[in-house]
């Protein structure tokens, strides 16, 4: 479940006018930006962008870039985009920086086939390259094979499971993980082409046969980008709420907070399942996520994330 | 250009009734099947299927399977399907038989990104597996990498060319082809991710620098499925009309005609560019394609293909 309740009725024109007012005079009224944008859903935010453009002949996103800064700006910028476009931007940052490729594995495995396709379309539109083209051009070897396979997948969605296949592919995965090398291509084939339902069946057979979840052995081997992406893809397939709770927990635990990860999870999941992530976080840490976040970060950035986390003013 | 002119006005109900009549009594009236179905476009054929189903509570395709046989049946069956569905069936035949994988390379490179996506959707719907899943499960090594990359691609479509990249990737391709091994992964990356416009620029730089078309060196190495698929993908990217003319020419030239290939090209291209293929065939062979086909095959199969080739009764 989502964390925020959005108004059923809202006026994009009034919102655009209020935002414009918040930019005027000395200093920017950040509180108003947070109050308005932090309480509008994807569709409403796009309507506000349109209204703002029409009223003031100016791109709201460009104006925001001038008015606000730092982590706050980055979070607002990501929030204001449509989800597919936001994921295209997140993927592009990874490609440009040449690190954190696991974020691409996360996007490609959490989304439904149609949502992933929307990200590919958004990426093409923005960058005039295909997502797989840029991933392939900046990676190599098994990491390339895995990521290109994940982002280009268009999986079967449905309940049909082939039990015999789950059994045999659980064994292939076990051999690959045990032997540590030489079977990577089969692992990649399985993870990049099987349906999520089928993969879950395979992982369940693995756990039954070997009395340990499949990702456990991989957990200690995430030192290179390939194994990290592999580990994260598997975690996301199994339970992405658990995975996101882990990301948030580690982002907070780290010396000098991982703002990128924190923003990514909160912004991407606020309209989806952030409430579940919060509940799981409380269950696993005995601290409310809002409290943990409030202790870690500060200023407008903090106020904005807390708004997305559902904290009422 | 297409070979056949379709009636602007037609009655799906009358067509369905005429077809039904042609099935009744002793023997089937093949001539009427050819006259009707051979002169209806994709949309009209789907309307006829619908009308037939409603009128006679029977699937027209299933009924045709009982009424007609052999190569004639196969050609009519392929013709009656929507193009994306037909290509899904063609790909599935390859996967089931475990041979002629170059047909998948042909489909994936000739179609536009959106058309290819439609084939993937049709495949999912029919077989409850993804196309890439079945390709990956029945192939291995470089053939798998190439084909999975080709069928999952969703390329940039547009005029933008990176000239520097065309130059450098032309050299990568040259090294790979000259050295014969060890650079396959780079060749696969380039062919499976770059836009068609960009690939054409790369192939042109190659031809300028080495005074020979890129596929020439590959021509003699098509003994294994990987090199054959590679060769065919490149030919299709460069000029698929030329490629199809070659397929038809070889299908006819072979001892004991390659009916599969002949049917595939004629059925798939009749509504698209079969007229261009015919003109090129005449230009290269000084024989009309209709004449060559008429000499090679016989009976209803012959009459049907000649109808699709635009021969007027």
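All positions are counted from 1 along the displayed chain.
Quick reminder: no glycine exception, Cβ is built from N, Cα and C everywhere.
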Task: Among B:67, B:208, B:211, find me the residue TrEMBL lists at the same Ca(2+) site as B:23, B:25, B:27, B:252, B:254, B:256, B:294, B:296.
output: B:67
- request: Name, in the order they occur in the sequence, the residues of the same chain whose CB lies under 8 A from the CB of residue B:296 (Ca(2+) binding site) and which sit 6 or more residues away.
  value: B:252, B:257, B:262
Task: Would you count the other C-beta atoms found within 10 angstroms of the C-beta of residue B:23 (Ca(2+) binding site) for me?
output: 19
Message: A 10 Å Cβ contact count, applied to the binding-site residues B:27, B:256: which residue has the minimum?
response: B:256
